[in-house]
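Peer 1: Just passing along the structure, written as structure tokens.
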Amino acid sequence: MASIDLASTPLTATQNVDPNEIKKFEDMASRWWDLEGEFKPLHQINPLRLNYVLEKANGLFGKRVLDVGCGGGILAESMAREGAQVTGLDMGKEPLEVARLHALETGTKLTYIQSTVEAHAEANPHTYDVVTCMEMLEHVPDPLSVIQSCAKLVKPGGHVFFSTLNRNVKSYLFAIVGAEKLLKIVPEGTHDHNKFIRPSELLKMVDHTALQEQGITGLHYNPFTDTYRLGSNVDVNYIVHTRLF
């Protein structure tokens, strides 16, 4: 049911891609759908992310949706099951293969493409009703370029969602010391705190596009119950909702 286009342009130094980041996630790709593996946090937060998108975008049924930095397809597949026409975009070949195979196993219909968001935006301007870019901005050299490309890809009136990690002492303690070093929730080295993005910085980048911020919410982890919830505090993880008018 899933189709995949791996005929992308070769990886070059001019692309907005960090080869080390690509390799890191390719090495873990086979375990992407292991609910107790390295990507357990993504599986845990996915219902929250999905419900947030559904609420703000007034549902996804029949809409064209692009998931930028889709990896193994956790969010992309869940949006497709809501009736959306989903395209998942990533530069990692192995995660895309895993995503395609999982979609075949579950009978989920969607399309995966190996491409940078910049190249996809050039070829597909104002194509999508909804664009999601979750936990991806902190893994690329130039997050502004990604945000600008997302703005090009969405239709007028459409929605664009960004999620990333705040850069402060608390996020270092929670995301690096706690999650990676102590609790081992994610592999050590998954994140670079210097690449985290403050909400004020992300919103300034949004201001360089035609997108308009519609709201921001935090994503909170409770280590005692091993659960996540949405809330007003954006000290660590957060999601920004924007629209193109």
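Cβ from N, Cα, C; glycine included.
According to Swiss-Prot, the protein has these features:
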type	residues	note
BINDING	R49, G69, D90, M134	S-adenosyl-L-methionine binding site
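Can you tell me where each of these features sits in this structure?
Peer 2: Spatially close to R49 (S-adenosyl-L-methionine binding site) yet at least six residues away along the chain are L75, T132, M134, S163, I239, judged by Cβ distances under 8 angstroms.
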Peer 1: Long-range same-chain neighbours of G69 (S-adenosyl-L-methionine binding site), Cβ under 8 Å, sequence gap at least 6?
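Peer 2: G69 (S-adenosyl-L-methionine binding site) has long-range Cβ partners L89, D90, V117, C133, M134, E135, M136, H139.
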